[in-house]
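Dumping what TrEMBL says about this protein:
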- 4-38: domain 'Putative zinc-finger' (DOMAIN)
- 27-61: coiled coil (COILED)
- 80-102: transmembrane segment (TRANSMEM)
- 114-140: transmembrane segment (TRANSMEM)
- 172-194: transmembrane segment (TRANSMEM)
Amino acid sequence: MMKCEIIRDLIPLYLDKVCSEDSRKLVEEHLAECSECRKYMKELETELEAVKQKKEEDLDEKRLLQEGAERMKEIGKKSIVDKMIIVDTLLNFLLIVTAVVLCKRQIDIEGADVGYYIAAMVFSFGFIIAFFICDCITLVQKWKRRKMQTEWEYKQIPICESYAKISIGVKVIIVFMLVCAACILGFSQFGGMFSI
C-alpha cells in the first residue's frame, strides 16, 4: 500500500516525462504488477487529455473572437472610407462647377498676371477632373465588389482608392487655401467673385 502511494505520486511526473530514469523503471515495474495503479494512471491520462482538449477549445474560441473583432474593425474602416469617397466625389463635382463658373467670369486681381492665373486654373481643373474620375471608378468598383462572394476578391483594394484618399487630402488643402484667400482679400470681396 505504501509503495502504491509513492508510485501514484510519481505517475504525474512519469506522464509528463520529467522523472529520472530510475523512477521511470520503478513506475513501469509497479504498473506491470498493480492493476489499481494502472487504473489510476488511465484515469489521470483521461483527465489530462480532457484538460488539454479544453485548452485547445478555449484557444480556438479566443482566436475566433479575435478574428471577429478584427473583421468588425475592418468593416468599420471600410465604411468610413466609403463615406469619405462619396463626399469627395461630391466635392470634386462642386469644384468642377466652381472652376467652370470662375473661368467664364473674368476676375481682376491687382498685380496678377492673367496668363499664369489661367494656366493655374487649367492645371487645377485637370487635377480635379482626374480625381473625380478616380472617385467614380472607385465607387463603381466598390459597388461591384459588394456583389462578389469570395473573400479573395473582396480583399482586393483598387489603386483608385489611394487616389481618392489623396484627393481628400488635396481638398483639405484647397479649403485651407480658400479660407486664407478669403481672410486676405476680405470675405465680401472674395464672395463677390462667385456671384454671377
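Using the three backbone atoms N, Cα and C, a Cβ is placed for every residue, glycine included.
Curation plays no part in TrEMBL annotations; they are all automatic predictions.
Because the structure is a prediction, the values reported are computed rather than measured.
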Please list the DSSP helix, strand and coil residue counts for the domain 'Putative zinc-finger' (4-38).
30 helix, 0 strand, 5 coil
For the domain 'Putative zinc-finger' (4-38), what's the model's average pLDDT?
86
